[in-house]
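Engineer: Pasting a structure here, questions to come.
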Amino acid sequence: MTTEKRQILVTAALPYANGPIHLGHMVEHIQADIWVRFQRLKGNDCLFICGEDAHGTAIMITAQKQGLPPEALVAKMHKEHARDLGGFLIEYDNFYTTHSPENRELAELIYTRLKDKGDIFAKTISQAYDPVKEIFLPDRFIRGTCPRCGAKDQYGDVCEVCGATYSPTELIDPVSALSGAKPIEKNSEHFFFSLNRYTQLLKKWIDAGHLQPQVANKLKEWFSEDLKPWDISRDAPYFGFEIPHAANKYFYVWLDAPIGYMASLKNLSKQRPSVNFDAYWKEGSQTELYHFVGKDIVYFHALFWPAMLSGAGFRLPTTIYVHGYLTVNGQKMSKSRGTFITAHHYLDHLSPEYLRYYYAAKLSAQVEDIDLNLDDFIQRVNADLIGKYVNLASRCAGFITKNFGGKLANELPEPDLYESFLQTEQTITDYYESLNYSKAVRVIMSLADRANQYIDAKKPWALAKEINQEAQVQAVCTQGLNLFKILTTYLKPILPVTAKKVEQFLNCDELNFANLKTPLLDHSVNPFEPLMQRLLPETAAQLTHE
């Protein structure tokens, strides 16, 4: 019986074009990429898109400091971000930008539809203004004490401690991040989206299981009070899209940023005629849509975004997967401690697959922070990847190449052992599907232990010295390499480059779940070449030194 292919669209949150990608960002991109590669390995059609988050005052001010037009800064950061994501083997079908004609068109379309429904209204508000820089201050350029929990040094729109969102005027003891001056209040007409009109729709959507339970419970707390209208406009000077028929007013970056997911697919559909934009975004679509985001942007993705989509006549996400933050050696990343590690700096020193594996070994379906402990990182890479996984192949390959001209035996000596490895497929695929990568890794490494125990028990190195044991040596090593083939298939979403090397070594078709069950018998393999290098402490130490 053939199962129908799933049609899936996956997005990761757009990196902001204001600075380099760091290892904290990579948690999400790696988590999403592993899931996408797993889906493709299962034979599903899975598109993976992202792009540059290109708008906002922060971009404008950074560009001014660098003596660049904002467009030039965005183009530069887009190139750097694409390089770093590619370096970590993140395989997007399209890595686009929100500063695009497609995004402008879609943002205007959604805004117009919401306005025509009566969901947009104008209101004069009192707004923070920097009297020194003579500019209305965006939320992120005001720092102060959170009005909800009292945490100090928080942004003007969202508290990183308790997750509350608020208006900058509610912040306690605010100061301008640009000049240090105390902001003054200045009136300005802004446009608002009536989020409260979508309260019942959002409650129903959240109750329907589209979010992890932790996230759903957190969102339900915000319904204890009426949902407030959302300010979707900003005053000039601003880098972004002008609001139609509203002079000197621009869409707030958080309005057009998630629309960037749609724009990236729209752009991809122009490159690839087989990609049908409406199939993924039209109301009532039977395709699947998954957003991977950090816990700091849940409010925007799980309340504003579904409400906007619904109001504008588009489909809602199937699931929003939320992850926690990254700490390094148990603490928040810090430039002064040398633990603010950029993706580019990491790639200058270490293999991306080491970090892909380490993150996978830590990630679960829970919204938990994960810690990059450098000592544990070294130990995991060397013990698991080198000591268990790669070691299995290197123990067997030499005998096959040297003694048998690269030819595997024509049958498995222990078919039951092989079958027992196959029987874990459902468990492992369930763990991948549910984002419980750490559990999948534990099962895979326990299989690697069993495979190595088999080789330890059979001792092909001793058999090779005995008379008339050639067939037994060939059989044992054939068994070992076929178990290694299964392990490689299971690890392929995490270690795509290594898997490709293994396919070349085994001289076989691309490994996937469809051909998992078929052992390589009476088959010629190529000479074995080292798949990975042991991670030395002095090499890993370079991560925390510029």
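Glycine is no exception: its Cβ is also placed from the backbone N, Cα and C atoms.
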Engineer: Per Swiss-Prot, which of 42-46, 52-56, 182-186, 332-336 is motif ''KMSKS' region'?
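Structural biologist: Based on what Swiss-Prot states, motif ''KMSKS' region' spans 332-336.
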Engineer: Can you say which of 15-25, 147-157, 224-234, 268-278 is given as motif ''HIGH' region' in Swiss-Prot?
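Structural biologist: Within the set 15-25, 147-157, 224-234, 268-278, Swiss-Prot attaches motif ''HIGH' region' to 15-25.
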Engineer: Give the number of CB atoms, excluding that of Lys335 (ATP binding site) itself, located within 10 Å of its CB.
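Structural biologist: Taking every protein chain into account, the count is 9.
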Engineer: Restricting to the chain of Cys149 (Zn(2+) binding site) and a gap of 6 or more, list residues whose Cβ falls under 8 Å of its Cβ, or answer none.
Structural biologist: Cys159, Val161, Cys162, Ala164
Engineer: Which of these binding-site residues has the least crowded Cβ, counting other Cβ atoms within 10 Å: Cys159, Cys162?
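Structural biologist: If we count Cβ atoms within 10 Å for the binding-site residues Cys159, Cys162, the smallest count is at Cys162.
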Engineer: In the same chain, which residues outside the set Cys146, Cys149, Cys159, Cys162 have their CB within 8 A of the centroid of the CB atoms that define the Zn(2+) site?
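Structural biologist: My list of surrounding residues reads Pro147, Arg148, Gly150, Ala151, Gln154, Glu160, Val161, Gly163, Ala164.
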Engineer: Between Cys146 (Zn(2+) binding site) and Lys335 (ATP binding site), find the distance joining the two CA atoms and give it rounded to the nearest Å.
Structural biologist: 24
